[in-house]
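**Student:** Input: one structure, supplied below.
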Amino acid sequence: MAKILAVDDEKDILVLIQNILRRDQHQVDILDHVHGQPPDVFQGYDLILLDVMMPDIDGFELCKQIRPLVDCPILFLTAKTEEEAIVKGLITGGDDYITKPFGVRELSARVNAHLRRERRDKHQSKRVISGFLFHFDSKEVFINNNKLNLTKNEYKICEFLAQHKGRTFSREQIYEEIYGLEGNALYSTITEFIRTIRKKCKEHNADPIKTVWGVGYKWE
């Protein structure tokens, strides 16, 4: 059983989500407004479902605000299907998105897939790779004692490439590792994530991710 928070201004949607996920034995808390809520209301959950179009705050902006406080998967609920909007949401720290209207089986499958992946990632260890210190338990990366301020998906990309140092992966392979076979994001999101990772690494005079033209990316 997982503890899940669903945030949406439409109460009918919240009740539907609650009923669907309770069938999977999950505890589901609901929130139909965000304004005036203390930051800790978003903490302590295994997964958060976050509507994009809310009257008091844009869901992307809310994700950006709470991401430093929570380490669980954040899935957007959205009617937006434009590439720019999707990429924006994932770059702010979201892990995936579910398009409205959604089916009962789709919501259940996506939520449970992310929960399974999250449980697999909860292992206790650390490792130095190419001068970068990876803390796999806390999902943090350090270089020269400086912490890289990575989003959750940026960290996943770094860990995946670093643990397979020297091996080249296509954008599609990286996408599958981050989002799984049932991912609903866009391949161009991976390109944007890597661009941002490189920028953050270069602030510390490091450039571990190399482009293999026509093939993909590798960690050196």
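All residue numbers here begin at 1 and follow the chain in the order shown.
Note that Cβ sites are derived from N, Cα and C of the backbone, with glycine treated the same way.
Annotation comment: Swiss-Prot describes 3-115 as domain 'Response regulatory', evidence class sequence analysis. Taken from Swiss-Prot, the feature 4-aspartylphosphate covers ASP51. For 124-220, the entry in Swiss-Prot reads DNA-binding region.
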**Student:** Please work out the number of neighbouring Cβ atoms within 10 Å of the Cβ of ASP51 (4-aspartylphosphate), leaving out its own Cβ.
**Tutor:** 23
**Student:** Tell me, by DSSP, whether the residue listed as '4-aspartylphosphate' is helix, strand or coil?
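**Tutor:** Note: the residue listed as '4-aspartylphosphate' is in a strand by DSSP.
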